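Inspection log for the structure reproduced underneath, given as structure tokens.
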Amino acid sequence: MLASSSILRRQQFLVRSLGVPHNPVHMDQKAEIRFAALGADAESVIRKITPTYDPNRYKGQAGKIAVIGGCREYTGAPYFASISALKIGADLSHVFCTKDAATVIKSYSPELIVHPILEESYSVREEEKASVCQKVLTEVTKWMERFDCLVVGPGLGRDPFLLGCVTEIMKHARQSNIPIVVDGDGLFLITENLDLVRGYPLAALTPNVNEYKRLVQKVLDCEVDDHDRYAQLFSLAQRIGGVTILRKGKCDLISDGETVEMVSNFGSPRRCGGQGDILSGSVAVFSSWARQQRSITTKHSNDSPQNPMILGCIAGSTLLRKAASLAFKDKKRATLTTDIIECLGRR
């Protein structure tokens, strides 16, 4: 469930927060701050944007997701993100990874479509880097128009050449108006190059505590202020040009610089690695569904539709917390990320 405190109290709290001298969000920016979903039922958001079963639909219409990540050291993260997308209801899930990671990821599941096309510095001579990068971009762009959302970062690593290739992929995705969910080492990349997402309303960032700290230091030039967390997140999203940010924590806070939402239902005290990868895959699917729903709603209504990336973050956070709770109830301290994945969609 979303936070149950009254909307009015939270609005009053934010107004008080905005008045503090430390990184305030000035009201003369005329930004509308809404807490509409804070008093609502998060599960109703999931029901609202999840497509109904229809015998007339064909493969691919329920979502085609691509994960950009996976290298020699990290093969689990892209698998967790991509298989979670399928478990939630996407029809197809692709992984674009390095050759070293491809066979391993393929061995995890035959359900995934794995493309071994990314390269790391150790495998490319200096004089070949420009041509290899162009080749990687060409291979990815062959598929790009088919995807409803990209997830950039799970298991990506920080190899400079690989990050350079992914930079070009993100630029092309943005030019093609494809939603992008950025997690893991993708957040390291965009923190160093904010223009990759600045001003792009179809980008969602899902930072953990350390990744959020680096973003705040880079963008707001200050430290994280938990006493002013709503206004600080609001300001951060605004300063990056209206991207959606899901700040992970005890309560997940979500903002696009126009609204601040909070998902606070209890998940699990077990903090095994990989849960963030489930979240990024979940947000990708739900955001693509919300975007489809918005296009339908816009045709039949004059109402201003809600940001699909916000809805995707609310739904993804809620579903992950529910699955983690169910897995922990069964496995307790032995709970692993694979156990949580198996609980996606269970009641």
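The backbone N, Cα and C atoms fix where each Cβ goes, and this holds for glycine too.
TrEMBL lists 42-347 with the feature domain 'YjeF C-terminal'.
Annotation comment: TrEMBL describes G155, N208, V209, N210, E211, Y212, K213, R214, D277 as (6S)-NADPHX binding site.
Per TrEMBL, the feature ATP binding site maps to 248-252, 267-276.
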Quick one: among the binding-site residues G274, G276, which has the most Cβ atoms sitting within 10 Å of its own Cβ?
G276
Between K248 (ATP binding site) and E211 ((6S)-NADPHX binding site): CA-CA distance (Å):
10
Within the domain 'YjeF C-terminal' (42-347), what mean pLDDT does the predicted structure show?
94
By a 10 A CB contact count over all chains shown, which of the binding-site residues listed here is most packed: V209, C272?
C272
Give me the non-local Cβ neighbours of K213 ((6S)-NADPHX binding site): same chain, 6+ apart in sequence, Cβ-Cβ under 8 Å, ordered along the sequence.
E223, V224
